[in-house]
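Participant: First the structure, which I've put down as structure tokens, then a few questions once you've had a look.
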Amino acid sequence: MTLGAGAGAAVADMEAGSSGGSSSDERRGRRVTEDWCCACAEGLFLGPPNPMVARYLYALIFLVTNLLAWTLRDYGSSAIAGLQRLKVCQGARRHCLGAEGVLRVSLGCFVFFVVMFLSTVHTRKLHDCRNSWHSDWWPAKIVLWLALTAVAFLAPSPLVQLYGKVAHFGAGAFLVIQLISVTRFIMWLNDWCRSETTQKRCHLLIQAVSIATYVGSLLGVVLMYVWYAPSPACRLNILFITVTLVLVQLMTFVSTRSKVKAGYLAPGLMGIYVVFLCWSAIRSEPHTEVCNRKAEVATSADWVNIASFVIAVVVIVAATFSTGIDSKCLQFKQAEGESEEDDIPYGLGFFHLVFAMGAMYFAMIFVGWNASHTMERWTIDVGWASTWVRVGNEWLAAVVYSE
């Protein structure tokens, strides 16, 4: 009885639904098609556009590009046989490996981020289709990045050399923007620490950090005198270190004078920063210099040199990333009104522009700011050009802070 009743009911349901079955199937098919199209529009099934997650993936692409350039520079000899098949790689060691190999990889990365800049500039809202392009569609963008990198190895050598000359200016602009961003962060941190609420909770901690940073910058100057100026003959190093000491004292004086009263935290942090820049500049001197004793260990691929190289590459990527998301560092006029919920938290165009200049920057430090300069394995940013670039960056940092 029960089985028969169930079968009868099923037959009745089938008969009742036969008239509307075709229309239901059509609606279901349209719904599936619409869902599939929406999934494609949201980035090949990777979910809704999320620019906060996308920035880490761009940083990963930038890191892989750095590693590729380093591999071609230091360990590209095994690729000579394959590269000689390309017409532009006649004498592959010269045109597609070494310094020019780094420039070609940098060129491909630069063009990729320029394309991303042109396609996302002035994007402000999350629902903008250009935000979907920025935040998703990763298979397509990875193919584009690989294709542009491959095309860079088909470019004629004179064009690559021209790019190497232009990269000096792009890398310099990157350093200036990075410097402004760092200075802006230090000033923001100083203002936050000097606010009433923070002073009440962390007064002693702020004072301790202020004293520690100021004393640390002075201690760094003393150590540089000991390590890099062992004799009066090291006149250039003595000049660099003495100017750094003067800048630290000048920034402290400017910060504590009656009209400013910014305390000791900001000059202490800036002092640490300029001492680091001075140390980097001296470390960039050629390893044959008798006054650069601490660089003698960097002549071979020992663990210290390898660790320094890895840290330097990570710092390059981190600096590019942090500068790229700080699009307000170049806003000379405050934006009116409060931000809305659907606003993108950082400027997409500025983000990609910084990464494009960062591609030029890593090319310069990998070749020592000189495309004809031969770099040893596991070394980075070594040469007199690198030294003077960092010294200029240090002095500019003091000027920007004093303003």
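Backbone N, Cα and C define each Cβ position, glycine as well.
TrEMBL annotations: computationally assigned, not manually curated.
So TrEMBL lists these for the protein:
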type     : residues : note
REGION   : 1-28     : region 'Disordered'
COMPBIAS : 8-23     : compositional bias 'Low complexity'
TRANSMEM : 53-72    : transmembrane segment
TRANSMEM : 102-122  : transmembrane segment
TRANSMEM : 142-162  : transmembrane segment
TRANSMEM : 169-189  : transmembrane segment
TRANSMEM : 204-226  : transmembrane segment
TRANSMEM : 238-256  : transmembrane segment
TRANSMEM : 262-282  : transmembrane segment
TRANSMEM : 303-325  : transmembrane segment
TRANSMEM : 345-369  : transmembrane segment
Participant: Examine the transmembrane segment (262-282) against the transmembrane segment (204-226) and state whether at least 3 Cβ pairs sit under 8 A, considering only residue pairs 6 or more apart.
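Facilitator: Yes; at least 3 Cβ pairs under 8 Å.
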Participant: Please report, as numbers and ranges, the same-chain residues at least 6 past the borders of the transmembrane segment (238-256) whose CB is under 8 Å from any CB of it.
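Facilitator: For the transmembrane segment (238-256), the nonlocal Cβ contacts are 214, 217-218, 221, 224-225, 228-229, 232, 262-264, 266-268, 270-271, 274-275, 278, 281-282, 391, 394-395, 398, 401-402.
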Participant: By Cβ distance under 8 Å, which residues at least 6 away from the ends of the transmembrane segment (345-369) in the same chain are close to it?
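Facilitator: Same-chain contacts beyond the flanks: 51-52, 55, 58, 62, 65-66, 69-70, 73, 99, 102-103, 105-107, 109-110, 113-114, 116-117, 120-123, 130-131, 134, 164, 166-168, 170-171, 173-175, 177, 284, 312, 316, 319-320, 323-327, 330, 375, 380-383, 385-386, 389.
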